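What follows is one structure encoded as structure tokens, with my remarks underneath.
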Amino acid sequence: MNRLTFTALYTQLTTVYSPDSEVQRRGRNLVVIACALSMVILTYLPIVLGRPDTWQILPILAVAIFVTLGSALLARQGYVTLAGWLLIGMVIGAVLTATGTSVAINRQLTTPFYLVIALLLAGVLLPTKQIWLVLLLCLSGMALAVGNLPADLRTSVEITPNALSIAILLVIATAVASLSAHSINQALGAAQTARREAEAANQALAASNSSLEARVAERTAALERLAAEQQAAALELQTSLQAQRDLNRVIAELSVPVMPIRDDTLVVPLVGNIDSARAEQVLASVLRRVEGGAARRVILDVTGVAIVDTQVAQVLLRVATATRLMGANVTLAGIRPEVAQALIGLGVDLHDLHTVASLQDALR
């Protein structure tokens, strides 16, 4: 079976005869889910045939297949809500029926957790408001199932904690399914409105320009040429901007190189003047490399800095403070005698920095 044949078969199988697009969407979901459940049930048949209780389980499986296929047929005829309730009711009934047996065997109330499946199905098969009715049905059914348990089981099994957890989970699942269905409905409504508006606009345009087809064609060709030119210009501008961004990134990286000398040591050679923008680059580059690696020591080499004034000193202190907060130590290398005298004259306090005369001294 080729792809086209499969697509045609799928389209035919999921066709829902209804003028409402929302009903069509839910109907397609139901048909797909019903077919999947039927395949699961059929796959389970070989396992059942070898069991001693085969003749007890086979009627249940037959009813399940009948319900799933019947709901799919109802959905294709446009009765999607009825089919959805039929499928959801089957799931709820199966879970609640198995609750008593599960409690008797496992001595725990865990089977009702599977009621979440019914709520998930309601989120894709039913209108938004009816999802809460499914929650009410699940809670009522769970209460009846627990109430029908033998008295000795109700007293020996911790019912209340699990029942409360199940109820909270079901409420949360209902809220999520309801919000999801509401969002989908809003999106579909907006799409339908936009489509109707577009169709109305196209019809009005065709009616008003029916006598000017040649002029419209000429104008359309001109607009297409203009659009093509604008697209080409936009593409060229985008390419230019990307190249400029790449160049700026390369310049920024080259202006503040961070070189790993050892596994735990980074050297940051600073050259030229340091303004506020470059100071931020220094700080960001150092912190990024310290965070991304195992560096525990950062050496700031200011040998190539033309002027080390109060502003530059403040930048160095900021880098040192931030780096220490991330677990690394900072060493300041390359303080020349005249720079040291100038900093003392300016009253700059560099006692928080470990300073050495040269990069060679820092690496010893």
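Including glycine, each Cβ sits where the backbone N, Cα and C put it.
What TrEMBL records for this protein:
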type	residues	note
COILED	184-229	coiled coil
DOMAIN	255-364	domain 'STAS'
TRANSMEM	30-49	transmembrane segment
TRANSMEM	55-75	transmembrane segment
TRANSMEM	82-105	transmembrane segment
TRANSMEM	111-126	transmembrane segment
TRANSMEM	131-151	transmembrane segment
TRANSMEM	163-181	transmembrane segment
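Across the domain 'STAS' (255-364), DSSP assigns 49 helix, 29 strand, 32 coil. Here the coiled coil (184-229) has a mean pLDDT of 80 out of 100. Outside the transmembrane segment (111-126) by six or more residues, the chain places 26, 29-30, 33, 80-81, 83-85, 87-88, 91-92, 95-96, 98-99, 102-103, 134-135, 138, 141-142, 145, 163, 166, 169-170, 173-174, 176-178, 180-181 with a CB less than 8 A from a CB of the stretch. Residues 88, 92, 96, 99-100, 103, 109, 112, 115, 118-119, 122-123, 157, 159, 163, 166-167, 170-171, 174, 177-178, 181 of the same chain lie 6 or more positions beyond the ends of the transmembrane segment (131-151) yet place their CB under 8 Å from a CB of it.
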